[in-house]
């Protein structure tokens, strides 16, 4: 059973073709990294998965059913920035998702139910290494810690797929390595299907189980928007080799320099 | 010698420099008052501090011969009630309509142009309408303040909601939030401190509208008193009343600032994550 399936997916804004004829199938538990130059449509593809944008033509299916055209709890997301709520402390940020489900009108819980949610949130926060920062506000956290928080916040909803939009793009290299360890251990423990967009080809190459490269197959120099991007490389990773990395680097460079 | 723009006063110098203009103004007043009073002991334009003191005493601590009221306090209470009611009502409208406009595109499409148009009407121009419709009582004064500042608050709130990063709203939806939950738990708590900021900004205009309304039709109030005693050139009453209003304005601003700081600690360390 495919978790995500796309059949001849097109996305156009007027004359501007962004995605052209994307077809793919993703099995549960795959960790897909998505790379490509800026403006290559990888973010548009993420927005389609998220439900913020809808495809012009074609089908995008989640568990065999069309994706709802607005974001919902099936799809967790971590953005590069602004993923967490500045007015809630770390614990409240993670509790929010569970509280919303438990209390449709107030979105708040009290007493026994709150304690249960709190326990769950604390466990989640400890597993991402934020057990000692429960009562801090996001602005008191470093960039890496904020992303840990955003992950914990998304994970508590147990989404079908987890979308990561350049989640570590703003972090220092050392911290980034820590975050790679964290996301890998989360992926191993939960068996989540993960889509991660990155502009760092190396990161994409060594992190996931499958690499997608979004790029344009055809170019019209007179009308750069005439043709859209599609997946030009779809490589299973794990036994990666340098020649492939080099070839992809070359192809991305050659098209856009 | 550093450039002028790089020279910063020390803490003590800063305080001293801050006080200096006040002291100079005071001295200038004393000097001018002395000169005028020396030329004409009955001069009313720049009364001596002693006569201002007497006037304050009689307004604040002696019952008025005609009405038996302590005028300063009666005036203050009446004015603060009108101001408080008008500002509270405006803040409430700002919050409800502003957040609805900002968060729900369907509301915004319907209401935003109307609010925009209303905010362009000079409130003083429709004061006569208010007097005709609501009479000369309290309602028309509160209505003037509300009409004067509510459109600003509504538009400011709408803008603040629209400024929230879209990522946050999407994130909340992926956490399963309904529209209502999103407003209640994500938008509202984040715009509340911004509402208090906007209210502080609008207090100046609120006082302006209050005093204007009181000057035209009232039987008590700070603005009413100033305009009443103007007929007798009673600068000894007008000046302390103006100072008193300034002090009240300062205090409300200060209290609102403390309230925001206490209630929204997250707002003051950056506001954004």
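In case you wondered, yes, glycine gets a Cβ from its N, Cα and C as well.
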Matching range for TrEMBL feature annotation, transmembrane segment, among B:83-104, B:171-192: B:83-104
Per Cβ pairs under 8 Å, the stretch of B:12-32, B:83-104, B:124-154, B:238-256 packing most closely against the transmembrane segment (B:198-218): B:124-154
Beyond the flanks of the transmembrane segment (B:83-104) by 6 or more, those residues with Cβ under 8 Å of it: 111-112, 115, 141-146, 149-150, 152-162, 179, 182-183, 187-188, 191-192, 195, 198-199, 202-203, 206-207, 209-210
